[in-house]
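As given in TrEMBL:
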type: TRANSMEM; residues: B:36-54; note: transmembrane segment
type: TRANSMEM; residues: B:66-87; note: transmembrane segment
type: TRANSMEM; residues: B:99-119; note: transmembrane segment
type: TRANSMEM; residues: B:167-185; note: transmembrane segment
type: TRANSMEM; residues: B:217-240; note: transmembrane segment
type: TRANSMEM; residues: B:252-278; note: transmembrane segment
type: TRANSMEM; residues: B:290-314; note: transmembrane segment
């Protein structure tokens, strides 16, 4: 029973992270019909910008809560800006082209971030950037406290991260379904052409969607960096792909679907790896993906649309 | 008479290539490094042209080519290891080794084709980006399975393979791939593939069995990926899952995209150019991938269909084109 609860806790904490990243995928897919392959790498950039911000503020020597908050919000803003830049220069020029063209560009952007960050630091700059391939440790903003209710191992980091993730998801839910911007976003995702005719600035809506999704990815990265403190330039690869699986599972383009998909994937991974096949952890997501696409290609909450010639 | 002509057309390239390759190998006998570079380039040509059958002709975006390579490579490597010291009855040892190598490569092609069928049957009902993700997932699943199977040597792989790959073997592989691709495009089957690329829904409406043709293209393409895998591991004498990652798949995709989606000669040229250019950049591995990604982005922004598009090289030279057109008119 204790083991079961432990897996449940771990699964939930991994699942919320997947859900946060999946939200970025699903929103971008909703408005652009594009798999933003670089999303996992934006997540990685989030972790590194957090690291640089934390160093700049001296979190190592004098940790404090407000510094943690500045690091958190700061890297969300940096990643949001990065998302907008990527959209502006890599995806917008290709919007009228076949979707595969944009997909290949997205792969290119993803590789550029991954391998660009692995380059040795530029000579002469005071901040060692790019960081290079060696893993870095993320400083702890506040002391770690462990609890053991019912024999289940939980730390205050887990609780803060869970609470933050849930709060961010509710905030997003509010933005998408209760604000003018959210209405515009849903209109663009329904039909960009008609939305433009109705006076919605489509370009601006898409740019903000990228900013929002990338910010959430940065938040996810910092929540992960808190509990598993090593970060490296390739850290975004697997979580990125898994989060995409989560988004497809819930029906891509569907915001609540991404949350459910993330949680289901996190729990499935944790339980299968915990009870049966620990070394197959990374394969589970793909097996799940293939199953979902075979049984319900539109995802759990998705609707099948007829294709027009 | 017709069958004779047909057989001649298929066999002629091999008969011409064989002596040329023998001479090339003989003249390069002292320069091991030149041979290795040529062989590596040839393997890349096989990979690029075979992926072009799916990505270029059929217009389906597959990014799991390295997975099929791995299947073929491991099959061939296991067979070579298992038959070590074995000599076929009535054949001298050198010939027996070559025959066994041929059989191992063939087996690799067959298992890779089987894997292609297994993946293709369900997933080719999907379109566009979904297919890309599933093939990527398949590539990763293959890697996870290899890393967890003691029989396949897990992460360390199979080492100490004999170096059986020679310039002649790679050259024949290249010729086989090119003949396959050229003859495929001209056939009914190839026309169906091109129709699917141009408009899948319309092709379906015209009575083309889209799923069936896509699966067949996928199977053919994976078979040749398996051949390339078998050649590769017997060149580097080592078979590890690290040679068959997502990055390898992307390298092949870049070759296809650069050369032009749907152009066989384009794929050949870009595979050769990239292989030789990257050989020069071997010192700076990290910069190499950065250059790759920038190349991919710039190319997509400026020439989304690749350098050659769907044209072959002879379509671009006006004189040759005119001559072909006149020949057709007569």
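Yeah, the Cβs are placed from backbone N, Cα and C, and that goes for glycine too.
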Intrachain neighbours beyond the transmembrane segment (B:252-278), with Cβ under 8 angstroms and 6 or more residues off its ends: 37, 40-41, 44-45, 47-49, 51-52, 55-57, 59, 63, 65-66, 178, 181-182, 185, 194, 197, 288, 292, 295-296, 299-300, 305-314
Maximum Cβ pairs under 8 Å to the transmembrane segment (B:66-87) - stretch from the list B:36-54, B:99-119, B:167-185, B:217-240: B:217-240
Candidates B:36-54, B:99-119, B:217-240; stretch with most C-beta pairs under 8 Å toward the transmembrane segment (B:167-185): B:36-54
Residue numbers, six or more beyond the limits of the transmembrane segment (B:99-119), whose CB comes under 8 Å of its CB atoms: 64, 67-69, 71-73, 75-77, 79-80, 83, 86, 88, 91, 134-135, 138, 142, 164, 169, 173, 215, 218-227, 229-231, 234
